[in-house]
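*Asks:* The following block contains the structure, expressed as structure tokens.
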């Protein structure tokens, strides 16, 4: 000031003109506390952005953890209720004529029988190959079925191969492409087959053919290696007693036992992971929200105390402090949803293997749960800071250190 020319120092102050931001605030007709909250956020944009991102990660972690429950429910429903509807599967000791299915109807409690023939092969398409078993079933089966991505039943074609999507991607084929089928069970020849359909399968790899069509390719009569059965639950003891006396039966598999065991194992793992992710999310959210509000209180304690002196009520003064945290928490929700959806899709890709795959099932309830939890934790953290402000000595806060 001393170095200024007298004429400059004594010049009148420039006329104040409202800028675009001032005109925007005037158009919104915001209250005084709301204007203070908005100015506080715009004054420190980087800090506001980092706080929003931290709260968003808390939301994202919960979204990524809760989607697993719905995805695995979809796997169980598809694999054990809609695709495989049989109560039991009998594995034959040796290949048997198709007429063995008719004989199985005489077993106690058997309501329906569908034969299945499994043939070990190597599928080749150019330089790519995959060793697995082709599953051959009769047309019109109702116990063991193939489904498409929308859950609709896909009939096994009279000619050609029906492949699961994961297997088709591994071989690099689509509908209409030709595959070389090399038989591995001392049958001495292979054949070319057209891929006529692609289906969805979450457990294992699938290659399916019509039972009569495969038998014709092998120049053999139709045969069976397994039987799918629909049973009367009241007759299960008699059924088990009967199959124990049959040397043709190598083993039996009850789908209800497999389903219950699978669901129990998965549910326990999901419960543990959910608790872990929930703990991490709460720690991140509470840490970011509390520290952000605490920093604001330290920086603006004198300003807030001055508002109390000017006649603002306690709730009005503290609402300015908590309002910034509330605005950032609300802005973090859609960001967290987007990050959570991206993490969920990455997890689905990571789980993709020959043994199993999981679908990406994101429901509104997943996002709502994540938001409610993070908003509740943010509110609790902010109230702790408000309690600290309410207990502060206004006179002590307003004193200026010498």
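From the backbone N, Cα and C atoms, a Cβ is placed for every residue, glycine too.
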*Asks:* Can you identify, from 275-293, 294-312, the stretch that TrEMBL calls transmembrane segment?
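*Replies:* Here TrEMBL associates transmembrane segment with the stretch 275-293.
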*Asks:* Quick one: which of 19-43, 44-68 does TrEMBL have down as transmembrane segment?
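*Replies:* Within the set 19-43, 44-68, TrEMBL attaches transmembrane segment to 44-68.
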*Asks:* Taking a Cβ cut-off under 8 Å, which residues six or more beyond the ends of the transmembrane segment (44-68) line up next to it in the same chain?
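*Replies:* Sequence-distant neighbours of the transmembrane segment (44-68): 270, 273-274, 277-278, 280-282, 284-285, 287-289, 292, 295, 324-325, 328-329, 331-333, 335-337, 339-344, 347, 358, 360-362, 365-367, 369-371, 373-374, 377-378.
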*Asks:* Using DSSP, how many residues in the domain 'ABC3 transporter permease C-terminal' (275-388) fall into helix, strand and coil?
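*Replies:* The composition, in the requested order, is 98 helix, 1 strand, 15 coil.
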